[in-house]
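S.K.: Take a look at the following structure, please.
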Amino acid sequence: MEWASGEPGRGRQGQPLPWELRLGLLLSVLAATLAQAPSLDVPGCSRGSCYPATGDLLVGRADRLTASSTCGLHSPQPYCIVSHLQDEKKCFLCDSRRPFSARDNPNSHRIQNVVTSFAPQRRTAWWQSENGVPMVTIQLDLEAEFHFTHLIMTFKTFRPAAMLVERSADFGRTWHVYRYFSYDCGADFPGIPLAPPRRWDDVVCESRYSEIEPSTEGEVIYRVLDPAIPIPDPYSSRIQNLLKITNLRVNLTRLHTLGDNLLDPRREIREKYYYALYELVIRGNCFCYGHASQCAPAPGAPAHAEGMVHGACICKHNTRGLNCEQCQDFYQDLPWHPAEDGHTHACRKCECNGHTHSCHFDMAVYLASGNVSGGVCDGCQHNTAGRHCEFCRPFFYRDPTKDMRDPAVCRPCDCDPMGSQDGGRCDSHDDPVLGLVSGQCRCKEHVVGTRCQQCRDGFFGLSASDPRGCQRCQCNSRGTVPGSSPCDSSSGTCFCKRLVTGHGCDRCLPGHWGLSHDLLGCRPCDCDVGGALDPQCDEATGQCRCRQHMIGRRCEQVQPGYFRPFLDHLTWEAEAAQGQGLEVVERLVTNRETPSWTGPGFVRLREGQEVEFLVTSLPRAMDYDLLLRWEPQVPEQWAELELMVQRPGPVSAHSPCGHVLPKDDRIQGMLHPNTRFLVFPRPVCLEPGISYKLKLKLIGTGGRAQPETSYSGLLIDSLVLQPHVLVLEMFSGGDAAALERRTTFERYRCHEEGLMPSKAPLSETCAPLLISVSALIYNGALPCQCDPQGSLSSECSPHGGQCRCKPGVVGRRCDVCATGYYGFGPAGCQACQCSPDGALSALCEGTSGQCPCRPGAFGLRCDHCQRGQWGFPNCRPCVCNGRADECDTHTGACLGCRDYTGGEHCERCIAGFHGDPRLPYGGQCRPCPCPEGPGSQRHFATSCHRDGYSQQIVCQCREGYTGLRCEACAPGHFGDPSKPGGRCQLCECSGNIDPMDPDACDPHTGQCLRCLHNTEGPHCGYCKPGFHGQAARQSCHRCTCNLLGTDPRRCPSTDLCHCDPSTGQCPCLPHVQGLNCDHCAPNFWNFTSGRGCQPCACHPSRARGPTCNEFTGQCHCHAGFGGRTCSECQELYWGDPGLQCRACDCDPRGIDKPQCHRSTGHCSCRPGVSGVRCDQCARGFSGVFPACHPCHACFGDWDRVVQDLAARTRRLEQWAQELQQTGVLGAFESSFLNMQGKLGMVQAIMSARNASAASTAKLVEATEGLRHEIGKTTERLTQLEAELTAVQDENFNANHALSGLERDGLALNLTLRQLDQHLEILKHSNFLGAYDSIRHAHSQSTEAERRANASTFAVPSPVSNSADTRRRTEVLMGAQKENFNRQHLANQQALGRLSAHAHTLSLTGINELVCGAPGDAPCATSPCGGAGCRDEDGQPRCGGLGCSGAAATADLALGRARHTQAELQRALVEGGGILSRVSETRRQAEEAQQRAQAALDKANASRGQVEQANQELRELIQNVKDFLSQEGADPDSIEMVATRVLDISIPASPEQIQRLASEIAERVRSLADVDTILAHTMGDVRRAEQLLQDAHRARSRAEGERQKAETVQAALEEAQRAQGAAQGAIWGAVVDTQNTEQTLQRVQERMAGAEKSLNSAGERARQLDALLEALKLKRAGNSLAASTAEETAGSAQSRAREAEKQLREQVGDQYQTVRALAERKAEGVLAAQARAEQLRDEARDLLQAAQDKLQRLQELEGTYEENERALEGKAAQLDGLEARMRSVLQAINLQVQIYNTCQ
C-alpha cells in the first residue's frame, strides 16, 4: 500500500531528515550496542556521576507495548486509503488476529510492528487502529525507572489532528503531561499555553506536528529537554524527576478528515480515517541516579535481546537496588544521595570498632553530628555498646591496657550488689572531667567500702532493696537520751527518755503528749474531768476526746451554738403547774430592776391548797436537791410546807434509785422570814425517762401583818431540781485530785449559783468546776435552740444558754413574750401600752394584745371611744344630722358625710350641690345643673346656690367657662363643652393675647389668632421675624443688625433682619463679631467690604503685633518695613526686605500711583503707557511719550487675530512636545478617551433603541449636515467676537473706572453712616468724651472730600476717563453697528434653516418605546403623551393607562411597589394592634386571676369574721330587747330600732332572711308599756307630719325618675356583671326605710343592676349597738314613708321585669351603651363593696357568680340566656322575700298607726 507523496527518508512536508537527527539516531544505536558489551569500569564513576548508554527503550519490550485500538484483532476489517496514484485498488483488508509475517500474515498491523528493526522493506509492517476511532492510547509499561530523553513517531497516515504525551514515574498510579500537540490548540486543549515553551518544564501545546501534510511518513518529535532552553542545574531533583519514567503514554485524541464524514455517516466513509504508525522510537537509558555506568537485565526481562536497554543498574559508590536508590548494608554512615558531576556522593562504611557488621542510618544522629556521621551500629558484640560500639555495656568496664578493638577490652565489674548503685554497676571508663575511674564501684548514699559492702555510721540494715543502701537510725531526737549512740547498729532500736516510748522513741507514754526536747520528753494530757470522755489525748496535739459539743484541747470550753446549763436549769414554773383554785399573779418587769422571779409571775398558794408539778426529761439518774422559790406577802412571813414525790410505779431494786424507801418521798420544810428560797432538807433520787409528780402543799403560814391586811397565802415562783453534785465521781473519787476539787467547790460555795434567778459573775475558781459538773450531768453541752423569731442570733451565752432576745421577748430560748407584751413574731413582741384611763390593767392578752377595757372605752389599748362616739374618755354620740356614722374621736367632726353633705356636722352641701341638709329642715343636697350635675362629664361650676329673689340656681363657673349654666367657653379659652366629655381649655398663647378679646384665639381649635407683643405662631410662642427675645415673657425686641457685618441673605434690609430669636444674635459674616455684627474680630479688618472681615496677616517679626487698622488693614510696622502686612519694603521702595530694598525708579508722568510693584519694582502705569519705568507708549497706542493716543480701530481686530494665532502656535508646540515624549497615543489620549466615551454612548443608544441601519445612516447624515452648518455659524460668530473684542476692552476699562467710583461712593456712604452713628452717640454722651470722635470724624471727612474732588476735578480723573471711554465706545459701536446687524440677520437665517431641518428629524420610534405611542399626534389628543407634552400641572406627561411603553411599565411597577409597601405597613399596624390586644387580654386575664385569688383569700379570712358577726348580732338583739322592754321607750325610739333593723342588708340565703324576719317580728310583738310615754311624743308627731309631706314630694320625684330608670335598662346586664345580678335582686328589695328618696334610689339601682350596694349587716349591727342612745332622736314619720316605699317598690319591680324583657330584645344594639354606663356605675359599686366589708363571707358566693357572668359576657353573648334563667330564679326568690318583708312592714305600720291614733 502506498500513500500519496509518501517517500522514505523524508520528514515533515516531505523534506529529508536533518543530518543532526540522523547522526543522533546512529549514535543511539551505537550506544545500545555498547551497552551489551562486557562490563568495564568506566573511569568517570570514580570522579563523579556516571550514566549508562542511551538506546531505544522499545527494543526487547514489544510485549510491554499496548494500544487501546487495533484493526482486525477479532475479525478481518476492511479499510481504504486516500490516494492520487494510478493504482486501481484503494481498499484493503486488516487481519491482526496473528502476529505479522511478511510471508504468512502481511495484513497483521499489531502495535508491536512499530518497534524499530533493520529488516529490509520494513515499511511493509505498521500499526493501524480501527476505522473512525478518534480516541486511541499507546502505552509503554517499563519494568523499572528509566531516563527518557526524546520520542520519534513516524506515521503512515495523516498525523493526528490532536494528541498528547504523558508520563508516570510511579508505575501508572499518577500521570503528568509532557506536551500537547494539536492542529487547533485553542479548540482541543483550551487554557494550555502555546509553544514555544519559555522554561524547560513548561507544558505547552504545539501545532507544527499536527498539520494535514504530509499525508504519509509525517513525523512527531518530542524532546524532554529543549536544547534551546538553558538549564541552570542539570542534576537538580526537578530535572531528574522530569526525565524519570516508569510508564509512557501517547493519547491520540482527534483524526484528520476531509470533511465528508460530517455529511455522510456511512461506514464506507469512516473506512478512510484511522491512525497508522510505521515506527515509534522512545529514547532513554537505565535510571541509576548517577551511581552506575552499566545496566543488566532486570528480573523477568529477556537477557539476550539485541540492542535492548536493560533496567537493572550495576551499582557503584557502595549503592544497591534496581536503580541504585539505596546504600549497601554496613555503608550507612552518610545519607543516600544521587551522584553529581564532580561528586560521587558514595555511601560510607560505618565505624563499629570491629565489634559488629551491621548498622543503620539515623537522620537525627546525622543532624546532631553536624552532618558528619549518621551511622548507628546494630548488635554490638564483646560486651560493647554505643553508636560506634565504643562503650562497654553496663556492669562492664574498659580495660585501660587494651585497645578498643580488642575483643577482651570490656571486663565485668566487682561490686557488692546490695550496697552499690544500679545493682553493682561500676564506672565504664576513665573521665577526669566527670570524675570517672574505670572499674570503680558507685556506692549508695548510706554505704561505704571498696566494694560498697558496709553501712555508714548512724545507719543500719544493709539491703539491696533500699535505694540508699542502709536505713538511718529512726530515733526521734526529742525522745532520745542525748549524748548516747542513737540506735543499735543491727536492730536499729533507739534509747528513749523516761516519758517516751516506741522503737524510735517517737511516742509518748499513755496519758501524755507533746514530744519535745524537755528532760522528760512529754507532758501530761490534763483532760477536763467532766468535758473529756477519758484522760487520754492525742500524742501530737494533746487534744482530748471531748463529750458532745465540748471543744478546746482539754475539752474545757463549750462549742458555739451550745451552752453549759446552770445548776437551776431544771426549773418548773408554778404558773404552769396544776391545782384547784390556783390564782396566777402576773408581774411586770421595769427596765430599771432585775427580776427576782422567773416566768410571768407567781401562783398564790393559800393554806390547804396544793400545787402539782409534772417533772420529766431528767438528764441522769442521781440525787436532786429540791429548791422552792417564793415571795412573802406580809412582813416576817413564815410557812410550813410538805412536798410529796409521786412515782409512776414501785422502784426497781436494780435501778439506780433502788435504795429509795416510800417514806423518803415525803419531805417537809419550813419557810423562814426574810428568805426567798427553801432547800428541802433531804434530796430525792430520780431517774431519766420517767415522769414524776411533785405535789407541794401549804400546811400553814403566818407573820406580822397590818391590822387592815389579811393573810393571802404564799406567792410560789418555781420549783428547782438541783443535781446533788457532790455525789459525782469527780468529787467522790478517792484520789487526791477529787478531794481537792471537792474542797475547792465547797470552800468557794460554787453550788449557790442555782439558788436565785439572778446570777452573780462566776469566780475564776468556780467556772471550770461548774463546766465540768454540767458536762458530766448532761453528757456535754446542750444546744441553744434559740427561737429564730424571737432571738437576734442563733448563738446563746455559753453559761446558762440565755439567747439574745428581741425587744419584749423573754425566756431562755426567747420564745415567749414578756409580761406586758404581746404578738410574738419576727419583730419580737409589742408592748401592751394599755391606756391608763381606759384599761383595767396594764397587762394585755398575749396573742391579740387586747387590753381589759373599762366601761365605755374601746379599742385594742382601750384608748378611744366606740364607733359613733367621741371625746375619750368621756365618750358621747356624734352629731352628724343623720348623714355620717363616725366622727373625729377628738373634735367630734363628722367623718365620711353621705348624701353629698359636708361640714363639721354634715350640715351643708358639698361643692357642686345645693340645699339645706340639716335635720330640722330635712332638705336634700341636689346637684348643681351647671349645665349637668357633678360626676357627669358636663359639670363646669365650683358651686351654686338658689337665688332668694328669683329662686333660680346661680352657678359659680370654673375658670374658663361662662354662661348662665356655664355652658360656653370664656374668652381666651376653647373647646366644645356641649359634647359629652367636652371641656374648655385655656388657649396656650404664652400670655401674648388679650384675655378679654373673644376673637383672640379660635374657640374650637385654640389656635391663637391675635398675637400681641410682636409674637406669632399657633401659640404666640415665637417672636416675629426680625424680632428676638422671650415670647413667653412678652419681651420680643426688634433685631438691630449692622448691614455691613450681617449676612445679606438673612438681613436684606434694616427693617427685616433675621437674628437669633432667643439671644438676638445677628447672623454675622465670617470673622465679624458683636451681637449686632458691628465690628471685626481681633486681628481682622475690612469690615466695610460687606463680605466679612479679612485677617490682618501681619508679618510675625516685621510688624509690632498681630493687630491692624480696622478699616485699612495696615499693620504697625517696624522701621524699614512697609506694605499692608509689613512684609514688604517701606513706601516708594521695592525688593526683598530680608536682602535689600531699592527705591522705585518710575517716570512720574506715566504712573497712576507712586508706589511700584513691591516684588519686581515694576511701575504701575496709567492707561496707554507701558515700560518698566512707565516711560513708553503702550501697545495699541501711538505718539511720543507722554502724549500717547489710541491706535486706529482696526488695530483691535488684527491684534485679536494675531493673539489667536499665537495661542494656536503655542498649542501646536505643546502637542509636538507630547508627541516626542509619549507618542501619538499619549498626545491625543484625552481625545481618544473622549471619542471612546462618545462611541460607547452611541453604542448604548443604538442597543437601547434597536435602531435599524437605515435610520442610523439617516441620523448620521443629518448630524453631518448639522455639524457643517454649525461650523459655518461658528466662523461667523468668531468674526463677530473679534469685532466686539475692542468694545469689550473699552467697556472693561470703563467698568474698572466705574467700580473705583462705586467703591469711593460706598466708602463715603459708610463714612456718612459712621458719622451718623457718632452723632447719635454724641446726643447721648458728654461733650468731653465725644471730642476725640468729632476730631476723627473731621479728619475722615476732609480726606473723603479730597478724594471726591480728586475723582471729579483732577485731570485726568476717573470721571473724565469714564466720559472719554463712553464716547469712544459709542463711536466704535456706531461704526460696527451695520456690520453687526448684517451678521446678526445672517445668523438668524442660518438658525432658521437648522431649526427647519431639526423639525424633519423624527423621534417617533424612541417615543413609542418609552411612552407607548409614536408621539406624532398632538399632545392634547395623544393618549400616551410624549416628548414635550405636559399635563395640567405642568409636569411632563409620558405613558398612562393602556400605554405599554417603558415609562408606563415603570410607573406600574412603582405603583405596585408602593401598594405593596402600603399593604405591608397596614399589616404591620394591624399586627401591632393585634399584639396590643393580645397583651391587653393577657393583662386582663392576669388581673382577673389576681382578683380571684384575692377574693379567695378574703373569703378564707372572712370565715372567722362570720361567727364573730353572728355573736355580735345575738348580743345586739338582746340589747334591743332590753331597750324596748324598759320603761320610757318612746315611739321614736321604737321606730328607730325597727328602721335600723330593716336597714340591715339581707344575707345571701333565704334561711338567713327568714331567721332575721322572725327576729324582727318578735321584737315588734314584744313592744309593751308604750302608752305611758305617749305624752312625750306630741312634738315628734308634728315633725313626723312634716316628714310625711317630704315623703310625698319624694314620691313625686320618684315618678319623675321613672323615665331615667327606663333609659338605663340597657345597663342591667353589665351592672349585674360588676355587682352580681342575684345580689342586686336580693339587696334591692331590702331598702332603707329611713329615707324615702334613698329607698327609691336603691330600687332604681336594682333596676339598673345594683348601682350601689347596701351597707353590710355586721357594719349596721355595730352602728346600731353604738347608737342606742341616738335612736331616740329619730322620727316616727319614717314609718309612713315605709308604706310609700312598699308601693314604689312594687311598681319598680314591675318596671324591672319590663326592662328585663326589653333588654333581651335590645341587648345586641345597646351593648356599647351598656359598657359606657357600666363604667360610670363602677365607682358606686366599689363604694358599696367598701361599705359591705363585714359581710364579705356571706356575699362571696354571689360575687363569684357575678364574676362568672362577667367573664362569659366578655367571651360571647351566647350565654345570655343562661344568665336570664339565673336572673329569673333570683327574681322568684325576690318575690318571696318581698312578701315576707311586706308582712313585717305591715306589722310595724300597725304598731305605728296605733301610736299615732292615740294622741
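Cβ atoms are placed via backbone N, Cα and C, with glycine included.
Taken from Swiss-Prot, the feature signal peptide covers 1-35. Residues or ranges marked as N-linked glycosylation site in Swiss-Prot (evidence: sequence analysis): Asn251, Asn371, Asn1086, Asn1250, Asn1309, Asn1349, Asn1500. The disulfide bond annotation in Swiss-Prot covers Cys327-Cys347, Cys352-Cys377, Cys443-Cys452, Cys496-Cys505, Cys805-Cys814, Cys853-Cys862, Cys878-Cys887, Cys957-Cys966, Cys1011-Cys1020, Cys1080-Cys1093, Cys1098-Cys1115, Cys1144-Cys1156 (among others), and the record cites sequence analysis as its basis. Residues or ranges marked as domain 'Laminin EGF-like 2' by Swiss-Prot: 350-412. The domain 'Laminin EGF-like 5' annotation in Swiss-Prot covers 525-555. The feature domain 'Laminin EGF-like 6' is assigned by Swiss-Prot to 784-831, with sequence analysis given as support. Taken from Swiss-Prot, the feature compositional bias 'Polar residues' covers 1349-1363. What Swiss-Prot lists as region 'Domain alpha' is 1411-1443. Sequence annotations record features per position, and here Swiss-Prot assigns compositional bias 'Low complexity' to 1681-1692.
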S.K.: What parts of the chain pack near the domain 'Laminin EGF-like 5' (525-555), using Cβ distances under 8 Å and only residues at least 6 beyond its ends?
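M.R.: Beyond its ends, the domain 'Laminin EGF-like 5' (525-555) has Cβ neighbours at 507-508, 510-515, 561-562, 730, 737, 741, 768, 771-776, 779-783.
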S.K.: Going by Cα-Cα distance, which of the recorded positions (Asn371, Cys452, Cys1080, Cys1093) sits nearest to Cys505 (disulfide bond)?
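M.R.: Closest by Cα distance to Cys505 (disulfide bond) among the recorded positions Asn371, Cys452, Cys1080, Cys1093: Cys452.
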S.K.: Tally every other Cβ atom lying within 10 Å of the Cβ atom of Asn251 (N-linked glycosylation site).
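M.R.: So the Cβ neighbour count for Asn251 (N-linked glycosylation site) comes to 19.
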S.K.: Among all chains shown, work out which of the disulfide-bonded residues Cys966, Cys1011, Cys1144 has the most CB atoms within 10 A of its CB.
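M.R.: Going through Cys966, Cys1011, Cys1144 one by one, the largest Cβ count within 10 Å is at Cys966.
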S.K.: Considering the disulfide-bonded residues Cys853, Cys957, Cys1080, Cys1156, which residue's Cβ sits among the greatest number of other Cβ atoms within 10 Å?
M.R.: Cys1080
S.K.: If I take the Cα of Cys1080 (disulfide bond) as reference, which of the recorded positions Cys957, Cys1020, Cys1144, Asn1309 has the closest Cα?
M.R.: Asn1309
S.K.: With helix taken as DSSP H, G or I, strand as E or B and everything else coil, how many residues of the domain 'Laminin EGF-like 6' (784-831) land in each class?
M.R.: 0 helix, 23 strand, 25 coil
S.K.: Between the Cα atoms of Asn1086 (N-linked glycosylation site) and Cys1093 (disulfide bond), what distance do you get, rounded to the nearest Å?
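M.R.: If we compare the Cα positions of Asn1086 (N-linked glycosylation site) and Cys1093 (disulfide bond), the gap is 5 Å.
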S.K.: What is the interatomic distance between the Cα atoms of Cys966 (disulfide bond) and Cys377 (disulfide bond), given in whole Å?
M.R.: 126
S.K.: Most Cβ neighbours within 10 Å: which of the glycosylation sites Asn371, Asn1086, Asn1349 is it?
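M.R.: Max Cβ neighbours within 10 Å, all protein chains included: Asn1086.
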S.K.: Cβ atoms within 10 Å, counted per site: which of Cys443, Cys1093 has the most, among these disulfide-bonded residues?
M.R.: Cys1093
S.K.: Tell me the residue counts in helix, strand and coil for the domain 'Laminin EGF-like 2' (350-412), as DSSP assigns them.
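M.R.: Counts, helix then strand then coil: 6 helix, 18 strand, 39 coil.
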S.K.: In whole Å, note down how far the CA of Cys452 (disulfide bond) lies from the CA of Asn1309 (N-linked glycosylation site).
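M.R.: So the alpha carbons of Asn1309 (N-linked glycosylation site) and Cys452 (disulfide bond) sit roughly 128 Å from each other.
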S.K.: Return the single residue from the disulfide-bonded residues list (Cys347, Cys452, Cys878) that has the minimum number of other CB atoms within 10 Å.
M.R.: Cys452
S.K.: Using DSSP, break the domain 'Laminin EGF-like 5' (525-555) down into helix, strand and coil residues and give each count.
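M.R.: Each residue of the domain 'Laminin EGF-like 5' (525-555) counted once, the result is 0 helix, 12 strand, 19 coil.
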S.K.: Using a 10 Å cut-off on CB atoms, tell me which of the disulfide-bonded residues Cys352, Cys496 is the least crowded.
M.R.: Cys496
S.K.: Near Cys862 (disulfide bond), how many other Cβ atoms are within 10 Å of its Cβ?
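M.R.: Its Cβ has 24 other Cβ atoms within 10 Å.
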S.K.: Check the Cα distances from Cys352 (disulfide bond) to each of the disulfide-bonded residues Cys443, Cys496, Cys805, Cys853, Cys1115, Cys1156 and keep only the ones within 10 Å.
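M.R.: The disulfide-bonded residues close to Cys352 (disulfide bond) (Cα within 10 Å) - there are none.
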S.K.: Which ones are near Cys496 (disulfide bond): of the disulfide-bonded residues Cys327, Cys347, Cys377, Cys805, Cys1115, Cys1144, which have a Cα within 10 Å?
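M.R.: Cα within 10 Å of Cys496 (disulfide bond): none.
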S.K.: How many other Cβ atoms sit within 10 Å of the Cβ of Cys505 (disulfide bond)?
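M.R.: Around the Cβ of Cys505 (disulfide bond), 24 other Cβ atoms lie within 10 Å.
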S.K.: Would you say which of the disulfide-bonded residues Cys805, Cys814 has the most Cβ atoms within 10 Å of its own Cβ?
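M.R.: Result of the Cβ crowding comparison: Cys814.
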S.K.: Determine the Cβ neighbour count for Cys1020 (disulfide bond): the number of other Cβ atoms within 10 Å of its Cβ.
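M.R.: For Cys1020 (disulfide bond), the 10 Å Cβ neighbour count is 28.
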S.K.: Could you measure between Cys1011 (disulfide bond) and Cys805 (disulfide bond) for me? Cα positions, answer in whole angstrom.
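M.R.: Roughly 75 Å, rounded to the nearest whole number.
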